Amino acid sequence: MLIILLCMIGVLMLVGTKVRPVGFFDDYISADKSQYIKGVFILMVFLSHSLTYIDRADLPAIDSYYLQFRFYMGQMIVAPFLFMSGYGVASSIRAKGKQYIQTMPHRRILMVLFQFNVALIFYWFVGTQLKGNVYDWKWILASIVGWNGFGNSTWYIFCILFLYLATWVSGYLFGDRLSSIVAGVTLFSVIFALVLHRVGREAYTYNTCLTYAAGMWYLIYQDKLEQWLWKSNLRYLAALLVTAGGYVLLHPYQENEWIHQLNSILFALALTLLTMKIQLGSKILHYCGRHLFSLYILQRLFMIVFDMTWVIEYLWMYMALSFITTFAISAIFDAVVPKLYRTLEQAGLAVWHSFVKERAN
C-alpha cells in the first residue's frame, strides 16, 4: 500500500512538469518554485511518519520496496527544507540587511515558537486526556522548544529554532556582512552538532543541520556558479555527476555523522541542479509546500488518535483518514494561527516601543 502511495507522489511530480533540454530555468530556486519541491518531500515525510504507528507485519510484501526506499533516503527527506530555509534567510539578509536581522526574533523565532506551541496544545490534550500520559513540569518546559514532546515531531523544530537564533546572533555580531554571518552560522552549526552528540541525542536530530548553512553559502556564490554552469551542458552534467555520484558513493558510510552532514549537502545540491532543468507544476504539490509547517507539525496528531481506534486495523482507511484530517486541520490552522500571531506581534511591538520611548525620556 505504501509503495502505491509513493508512486502517487511520483505521478504528482509528472503533472505539469516542464523540462528544458537546452538552457536553464533561471527561477529554479525562487520562493514560488521551491514550494513544489517542499511539497514532494512533506508528502514523503507523511508516509515515513505513518510507519511509527503501522504494524509492519500487516504490510503487504510489495511494501518491502517502500521500506527499502525509506531506509535509503533516511533523513535526506528533510535536507531540502533546511537548504531552502538557509537560502531564503540569506536572500532576505542580502535584500534587507540589518532591518531583516533586527526583525528575526519576532518574525522568525517567536513566530515559529508560537505556531509550534499552539499545535503542541493539541498533542498535550491527546496525550493526557485520551492516552492518560502524565508529564512533569520539566518535560513540559523542554517540550516548548522542541527538546521533548507529547508524541509530536520535535527535533526539526528545535534544530531550526537554533539555526534562526544562530543567524540572528551572527547578524548582531557582524552587521550586514553576509559572508561573515554565514561563517558564524556554520560555526554555530558545528558546535550544535558536537554538543548534541556529546549529550547523547540521537544522530538524526543534528546530522543534517549544516545543510542550512550550505543553503546560505549557495546564495553567496550563486551568481558565479550559474555563470560557470550555464556556459555549457557539459559543465552542468559534470556538476550533477559530482554531486549525485558523490552522494551515492558516500551513502554506505553515512553512519559517520560528518559524512552524513556532507551527504545531506550533496543531496540538496544535486536536487537544486536538477531543478535548473526540470520544473514541477502540480498545484497539489505547490499547496503542500505553501502549508509545509502546519502539515509537518500536525500530521502525527490524527495518526495518534486513529491509532487508538479500530481504524488502525484497516490500513487504507487509516492512511486516508489521517491524510484528510491532517489537511483539514492544517487549512484551519493556517487560516487562524498566523493571523492571531500577527495581532499579538503588533500589540507586543507597540508595548515595547512605548516602553523604550518612556525609558529614553
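Cβ atoms here come from the backbone N, Cα and C positions, even for glycine.
Residues or ranges marked as domain 'Acyltransferase 3' in TrEMBL: 36-333.
Among the features that TrEMBL reports, transmembrane segment is placed at 69-89 (among others).
Proximity of distant same-chain residues to the transmembrane segment (109-126), defined by a Cβ-Cβ separation under 8 Å and at least 6 residues beyond the stretch ends, is recorded for 135, 140, 143-146, 149-152, 157, 160-161, 164-165, 168, 293-294, 297-298, 300-301, 304-305, 333, 337-338, 341, 344-345. The transmembrane segment feature in TrEMBL is assigned to 109-126 (among others).
TrEMBL lists 181-197 (among others) with the feature transmembrane segment.
Annotation source TrEMBL lists transmembrane segment at 203-221 (among others). Counting same-chain residues at least six beyond the ends of the transmembrane segment (203-221), those with a Cβ under 8 angstroms from any Cβ of the stretch are 74-76, 78-79, 82-91, 94, 155, 158-160, 162-163, 178-179, 181-182, 185-186, 189-190, 192-193, 196-197, 257, 260-261, 264-265, 268-269, 272.
Annotation comment: TrEMBL describes 233-250 (among others) as transmembrane segment.
Sequence annotations record features per position, and here TrEMBL assigns transmembrane segment to 262-280 (among others). Sequence-distant contacts of the transmembrane segment (262-280) (same chain, at least 6 residues past either end, Cβ-Cβ under 8 Å): 13, 16-21, 24-25, 28-29, 33, 36-37, 39-40, 75-76, 79-80, 82-83, 207-208, 210-211, 214-215, 218, 229, 236, 239-240, 243-244, 246-247, 250-251, 254.
Under the heading transmembrane segment, TrEMBL lists 292-312 (among others).
For 318-337 (among others), the entry in TrEMBL reads transmembrane segment.
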Residues of the parent chain within Cβ reach of the transmembrane segment (181-197), under 8 Å, 6 or more residues beyond its termini: 86, 90, 93, 159, 162-163, 166-167, 169-171, 173-174, 203, 205-207, 209-210, 212-213, 216-217, 220, 257, 261
